[in-house]
Amino acid sequence: MTRRILVGYVATDYGRDALNLAIALARGQDIELQVAVVAPQDGPYAGVYPHDRGYASILEEQLGQWLQGALEMIPDDVAAVGQVVRGESEAEGLIQAAEELDCFMIVVGAREGGVLRRYRVGSVAAALLHSSPVPVALAPHGYRQSGPISRITCMFGPKPGAVDVIGLSVQAARRRSAGLRLVSLLLVGNQDEEQLDDSTRAMNLGVLQSVTRYGNERLGETAQEMVEAGTASTQVVTGKTVDYAMDELDWEAEEVAVVGSSRMAARGRLFLGSTAAKMLRSIPVPMVVVPAGYTGLSTHTAEAGPAEEKTP
Amino acid sequence: MTDRTPATPGRAATQSAAGTSAKGLTTGRVGLLGAVVIGISCIAPAYTLTSGLGPTIAEVGQYVPAILLLGFIPMLLVAFGYRELNNRVPDSGTSFTWATKAFGPYVGWMGGWGLIAATVIVLSNLAAVAVDFFYLLLAQITGNASLAELTTNLWVNIPTTLVFIAVAAYISYRGLESTQKVQYVLVGFQLLVLGGFAVAALVQAYSGGGFDVTPIQPSWFNPLEISDFSILAAGISLSIFMFWGWDVTLTMNEETKDPEKTPGRAATITVLVIIAVYVLSALAIIAWAGVGADGLGAGNPDNQESLFAVLAGPVMGPFALLMSIAILSSSFASLQSTMVSPARTLLAMGYYRALPPVFAKISPRFKSPGVATIASALAAAGFYTITRLLSENALWDTITALGLMICFYYGVTALACVWYFRRELFVSVRTTLFRFLFPLIGGLVLMVMFFITAFDSMDPDYGSGSSIGGLGMVFVLGMGVLVLGVVLMVWTRLRHPGFFLGETLRREDSVSDDTSSMLTV
């Protein structure tokens, strides 16, 4: 069954980054891109006078041209449909479209950050990262990979409720036959019983224990199977700050990182946590942020991996 | 397998979220009360009264109630024509496109220019009024009266005004707009404060507490008492400024819950409320302060620019603070929402190649007219700076020049209605009235007002009495703006002739027009 990704497109460089990421995510998968341009909506209370309807027609035509340009940039092996969607705000329009079009993910671009930064979360991405009901993928500035995705890195920390982010990563890696890297992020100073051991075996064990503890048993078993089969690896990164810890990670060009939402997120909604926000500063690859308690894709049981059966 | 759907606007619109029309307007959400609130908010009565009432009293003295009632009539007649055009050609609705279709590119261009000029002038005035009351409010809050004087210092006043304009332009460029809640609060607050002012002034006047108590006379409502036709014309063009924005309710259709009844009823209620507020305020001010030229008198030229800035304190005491808040908030909200208007007309003119195509640029990020918004803000800033430097009574002169400009583009549009429908004028009694008689009379009256006021304003003593080279400031401003328009039009004709050769918008009448005026680029 074809699944859908919603691309929040704008006719700018970071809009094209989003498009590139969506293409990379869809490449080789049974995924159709819904390329959406959000048309701003004149609220009746805006007090705009005189009432000029001609403007809306001109705007509509321009949006259509931008959409056409976006569709022309998509290679022939990736299915895509264009949409002009409406919303009182860009984020609202995208969320509504994602729900109506049954998309499992929203892809947007990050704006150009400062020196050495790949990300600066713009207002639209920020709004999405704090309210989307489906995972949001952020394309770093200047993203030019063409896919397919080679590895998925699942980042989780020592807190309960990582089941959504680990589940999604395991599921996605299996479906895509991509590598999986389970990364446990430990900030020194955090109270944690996890022993830091240099040996690979001990490290694997530690991470897998964390998967069991912060995810669930079923996920722990699946992860262990994948590690044993050589399709998954584990890593513990530590540091005083997120920036230091992230320095220990190396990245593949076609990699995607997956992080969870803050505990402040309402169930089923996304809320970018402070740790994830800091990661954004140092991750050079696209980052997918998963809503809290996202069980995902319940309508697509045919594709469900083991993660699908987890208890919430 | 590739499924490539062409992104035609029409098709995409059918897939858009429920509850919106194809043109990006929210449908069926506005009830009668909401529509009245929108109408009042577009008029911004607290702002119009403080800046328009003084110049009007200066022209017609105590006959303000009469001139307000009289000034509404041409406004109403023209609004009927607007509504006809808006219903027939809803997808290309501005004075610019309508006048171009009816009268060809040159008149159409000037019609669009008149609208842009009027909105740019009102922007500069809104910003200036907001700045005046900003410093007045600061003074009232801190109890330091010298802060209110800051606004008379050009080195403070002009930069602050430019900042206000820039902020409003930025908000508009970002596509942010007022919400229902904000508008309800702003409108409710304005009406409450204005009502409070009027009641306080009347009670004081009739208990002998006013500055120059002048008992209300029935004759104030009788326009025939104004013997001089020039004074009548000047008063009417000012009162048209004070009703400007009222007709927004008539052009609301899909947005209302009941498109058949709501717009008409809302327009009626809006105008009744506004006339009541205006007449009550005018009566209260004249009864309390008289129309004398000394002290707090409403005829004192020093008070004309902003009556409430002068009178709110003596009448309302400590509650004058509320008046400052009401006027500051309403003028800033109007500043921001009005910024949208010239930008959109500039964009339309760029789109139809009546201006260099750069004006048609839409910001990909905010989906708003970027270049056109910046151009509007710069024009408003430039207009204000020049007027402030040249005139001692800049606000007064701009309001009078604005009245001129509104008469001009309203008149052009009303006559465009008659000519556009020339083959469908007498289909029924209804069309005879609404397409022919009403807009024709309204349009002619406004054009007559325009010419008389323009001619009279050559007199150096006209309006505030500022003049340049022996010509009245209002004439210089008004005609200067129109002549600038002609120069730009000729320049565009030479550099970008397409529009003027009928390549983008053709002359049409209502029968030949298939209403699909969009360019196929």
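Using N, Cα and C of the backbone, Cβ positions are placed for all residues, glycine too.
These features come from TrEMBL:
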- B:30-50: transmembrane segment (TRANSMEM)
- B:62-82: transmembrane segment (TRANSMEM)
- B:103-134: transmembrane segment (TRANSMEM)
- B:154-173: transmembrane segment (TRANSMEM)
- B:185-206: transmembrane segment (TRANSMEM)
- B:226-246: transmembrane segment (TRANSMEM)
- B:266-288: transmembrane segment (TRANSMEM)
- B:308-329: transmembrane segment (TRANSMEM)
- B:370-387: transmembrane segment (TRANSMEM)
- B:399-421: transmembrane segment (TRANSMEM)
- B:433-455: transmembrane segment (TRANSMEM)
- B:467-491: transmembrane segment (TRANSMEM)
Intrachain residues whose Cβ lies under 8 Å of the transmembrane segment (B:433-455), provided they are six or more past its termini: 73-81, 83-84, 229-230, 233-234, 236-237, 240, 400, 403-404, 407-408, 410-415, 417-418, 421, 424-426, 474-475, 478-479
Leading stretch by Cβ pairs under 8 Å, where the reference is the transmembrane segment (B:370-387) and the options are B:103-134, B:226-246, B:266-288, B:308-329: B:103-134
Stretch of maximal Cβ-Cβ contact with the transmembrane segment (B:62-82) [cut-off: under 8 Å; candidates B:30-50, B:103-134, B:185-206, B:226-246, B:266-288]: B:226-246
Cβ-Cβ under 8 Å with the transmembrane segment (B:185-206): same-chain residues at least 6 beyond its ends: 37, 40-41, 44-46, 49, 178, 213-214, 273, 277, 280-281, 283-285, 287-288, 308, 311-312, 315-316, 319, 322-323, 325-326, 329-330, 333
Long-range environment of the transmembrane segment (B:399-421) - Cβ separation under 8 angstroms, sequence gap at least 6: 51-52, 55, 74-75, 77-78, 81-82, 84-85, 88, 95, 98-99, 101-103, 107, 110-111, 114-115, 117-118, 121-122, 125, 234, 237-238, 240-241, 244, 431, 435-436, 439-440, 442-444, 446-447, 449-450, 453-454, 457, 462-464, 474, 477-478, 481-482, 508-510, 513
Long-range Cβ neighbours of the transmembrane segment (B:226-246) (under 8 Å; 6 or more residues past either end): 39, 42-44, 48-49, 52-53, 55-56, 59-60, 63-64, 66-68, 70-72, 74-75, 79, 122, 267, 270-271, 274, 278, 399-400, 402-404, 406-407, 410, 445-446, 448-450, 452-453, 456
